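Worksheet: one structure, shown below.
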Amino acid sequence: MTVAVETAGAATNGDRVSLLRVLGPAHVWALGVGIVLVGEFTGWNFSADKGGALAALIVCWIVGLLYTSVAMIDSEVTSTVAAAGGQYAQAKHIVGPLMAFNVALFLVFAYTMLEVSDAILLGDTIVAKAGVEGLTHNSFIAATIVVLAWLNYRGVLMTLNVNFIITAIAYVSIVILFFSVTPWTQGAVLKLNELVTPGNALPYGWIGVIAAFQFGIWYYLGIEGTTQAAEEVRSPARSLPYGTMAGMITLLIAAAMTWYVCASMMPWEYLGITYYPLWDAGKLTGSPLLENLLFIATLLAALASANGCINDAARAWFSLGRDRYLPSWFSAVHPKYRTPYRSILFLLPIALAFAFIADLNQAITFSILSGVLQYTFMSINIVMFRKKWPLGSIRRGYTHPFHPLPAIVLFCLCVVTFFAIFLGFGSQLIAMVAFYFLISLWFHFYRYKFVRRGDQFTMPWPKPQGY
Amino acid sequence: MWMALSYACWGISIVLALWMLYDWFKVDTTFSEDVLTSSREGELEAVSEKHRI
C-alpha cells in the first residue's frame, strides 16, 4: 500500500496510470489457493451424493488430473502473455477477438457467481452457528461483498496479503484436523472400513462416478485465477508458473486429506448433503477447540475465495474496457491505489443483487458451467499456441511437458464434465450456451466496430507460422 | 450478540459503500478521463522482451 501511495505522484505528472507491479509468487499462491480452498469446506462433498464416497475419491484424483493440465497449460501461456485479463488476453492473441470476448465473459461469470456463492455460504454458516430466531444471512452477505470490494478498491498488495494470511490459517486448520484424528489408526476416531464398504462404495455404479464430476470440480475450481495477476506481479515469467504449480500441489494434498477425514467420519448419505463437511468433522471429534477452529476456517475460506474472485472478475472486466470490447470507461485505473476501481464498483451491485435473489445451488452451477467452458477453450488454445509459435520462436517462462497429452486429457475430461452437468442441470446448461451465443452475435455485429483493431494486439511477437 | 453483529455489518457496509462512492466522485472530478484510462496492455513486455532466441 505504501508503494501505491509513493508512486501515485507519477500518475499525476502526465504519465500513464497503470496497475502496480508489486506482487510475488506468494501472492499468486494466495490468489489461486484462496479462491479454491473453500471448495474443501463445502461443495466437493455433493459428489458423494451423486455417486457415493468412493466416487468422491475417484473424481478427486481424475479432476485433479484435469486441473494439473489446466495449471501446466496456463503456466506456459501466461508466462508468455503476461497481461491482466489472463485467459482473455491469451485468447485475444492466439485465437481471436470473438473467442476473447467470450472467454472474458466466462471469467466474469465464473468469478462473480463464485463470489456470490461464497458470500451466501458465509452468511448461512454464521446463521447456523448462531441459531437465533429472526437472524437472516443478508447483513453478513452485504458486509462480505462490500468490505472485500473496499479492500480490493484500496490496493492489490494489501488485498492479497490479507488473502495469504486467511488462506494459510484455513489450510493449516485442515492439517490440524487431519493429525488430530490420528490418521494412521483406524477404529479410534476414523472408521473408513465400516463407512465405505464394497456394498456401498459406489451405490449408483459407474454412472454415479460420471455424475460426481459436476461437484468434483469444487476440489480445485478457480486455480486458473492466478493468471489475472499477470500484470501486477514483479516477474510474471517466474512468479506465475511457480505460484500456480505450488498452489496446485497444495490443493491436491488438501483434497486428499479432506476426503480421507470426512469419508472416515460420516456415512456417504450424510456427507453428500451437508453444507459443512469439515466443520461437521470437527464437531464429530468431540473437541470444542476443533469445532470452533473449523467453523472459523470455513468463514475464512469463504472470505478468501470471495476476495480473490472480486480481484479476478474486476481485472477481466477492466481488460474488456481497455480494448474497447466494452465502453473504455471501465478501463480506468485509480491514480492513487492503482486498481481498476470502476470495474470493482460496477460489479459490486451485481454481486449483491445475485446474492440476495439467487440460491446457492444456482450460483454454484453457473460458476461451474462458465469455468468448464473456459477449460475447454484452454485445451484448444494451447494446441493453437504451440502450432502458431513453436518452441524456440518466442521466449517462454515455462514450457509444459508431454504436449499435446495434457491438452487431450483436459479436453476429454471437460466433455465428461459437460455430460455430468447435463445430467443434473441440463436446462441451465442449454440456457447458458444460448446466452453466450446471443451475446456473441451482439459483439460480432455491433460492438466490434468500436474496437481499435490494431491497438488490441500488444505482444511484441514475430508473425505466427503460416501467416 | 448475533443481532448486534448483524446490525454492525449493515452499518459497516453502508459506511464503506458511501466512502467508495465519495472517492469515486472525487477521483473522477479531479483527474481527466485521458489520464484515468491511459493504461495499456503489455507495456513491460514491450520493453523487456526482444524475442531473439
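Quick reminder: no glycine exception, Cβ is built from N, Cα and C everywhere.
Automatic, uncurated: that is what TrEMBL annotation is.
Same-chain residues lying 6 or more positions outside the transmembrane segment (A:26-46) and placing a CB less than 8 Å from one of its CB atoms are 56, 60, 111, 114, 118, 121, 157, 160-161, 163-164, 166-168, 170-171, 174, 214-216, 218-226, 228-229, 233, 239-240, 242-244, 246-248, 250-251, 254-255, 258-259, 262, 271-279, 297-298, 301-302, 304-305, 307-309, 311-312, 364. Under the heading transmembrane segment, TrEMBL lists A:26-46 (among others).
Here TrEMBL flags A:34-430 as domain 'Amino acid permease/ SLC12A'.
For A:52-73 (among others), the entry in TrEMBL reads transmembrane segment.
Under the heading transmembrane segment, TrEMBL lists A:94-114 (among others). Long-range neighbours of the transmembrane segment (A:94-114) within the same chain, counting only residues 6 or more positions beyond its ends whose Cβ lies under 8 Å from a Cβ of the stretch, are 35, 77, 81, 85-88, 221-222, 225, 228, 305-306, 309-310, 312-313, 316-317, 319-320, 325, 347, 350-351, 354, 363-364, 366-367, 370-371, 373-374, 377, 380-381, 384-385, 388, 436, 439-440, 443-444, 447-448, 451, 456.
Per TrEMBL, transmembrane segment is recorded for A:134-153 (among others).
Per TrEMBL, transmembrane segment is recorded for A:160-181 (among others).
As annotated by TrEMBL, transmembrane segment applies to A:201-221 (among others).
Look at TrEMBL and you will find A:242-261 (among others) tagged as transmembrane segment. Within the chain, the transmembrane segment (A:242-261) has long-range Cβ neighbours (under 8 A, six or more residues past its boundaries) at 25-29, 31-33, 36-37, 40, 44, 56-57, 60, 64, 67-68, 71-72, 74-75, 78, 171, 174-175, 177-178, 181, 183, 190, 192, 219-220, 223-224, 226-227, 277-278, 281.
Annotation source TrEMBL lists transmembrane segment at A:293-318 (among others).
Within its own chain, the transmembrane segment (A:339-358) has Cβ neighbours under 8 Å at 19, 84, 108, 112-113, 115-116, 119-120, 138, 141-142, 145-146, 149, 152-156, 310, 313-315, 317-318, 321, 329-333, counting only residues six or more beyond its boundaries. Under the heading transmembrane segment, TrEMBL lists A:339-358 (among others).
Residues or ranges marked as transmembrane segment in TrEMBL: A:364-384 (among others). Long-range Cβ contacts of the transmembrane segment (A:364-384) within its own chain (Cβ-Cβ under 8 Å, at least 6 residues beyond either end) map to 43, 66, 69-70, 73-74, 76-77, 87, 90-91, 94-95, 99, 102-103, 105-107, 109-111, 113-114, 117, 214, 217-218, 221-222, 224, 400, 403-404, 406-408, 410-411, 414, 417-418, 421, 424-425, 428-429, 432, 436.
Feature annotation from TrEMBL assigns transmembrane segment to A:405-423 (among others).
According to TrEMBL, the transmembrane segment annotation covers A:429-446 (among others).
Within its own chain, the transmembrane segment (A:405-423) has Cβ neighbours under 8 Å at 50, 62-63, 65-66, 68-70, 72-73, 210-214, 217, 365, 368-369, 372, 375-376, 378-380, 382-383, 429, counting only residues six or more beyond its boundaries. The transmembrane segment (A:52-73) makes contact with the transmembrane segment (A:201-221): 3 or more of their CB pairs lie within 8 A, with pairs spaced 6 or more apart in sequence.
The list of residues near the transmembrane segment (A:201-221) in space but at least 6 beyond its ends in sequence, with Cβ under 8 angstroms from a Cβ of it, reads 35-36, 39-40, 42-56, 58-60, 62-64, 66-67, 114, 248, 251, 255, 268, 364, 367-368, 371-372, 413, 416-417, 419-421, 423-425.
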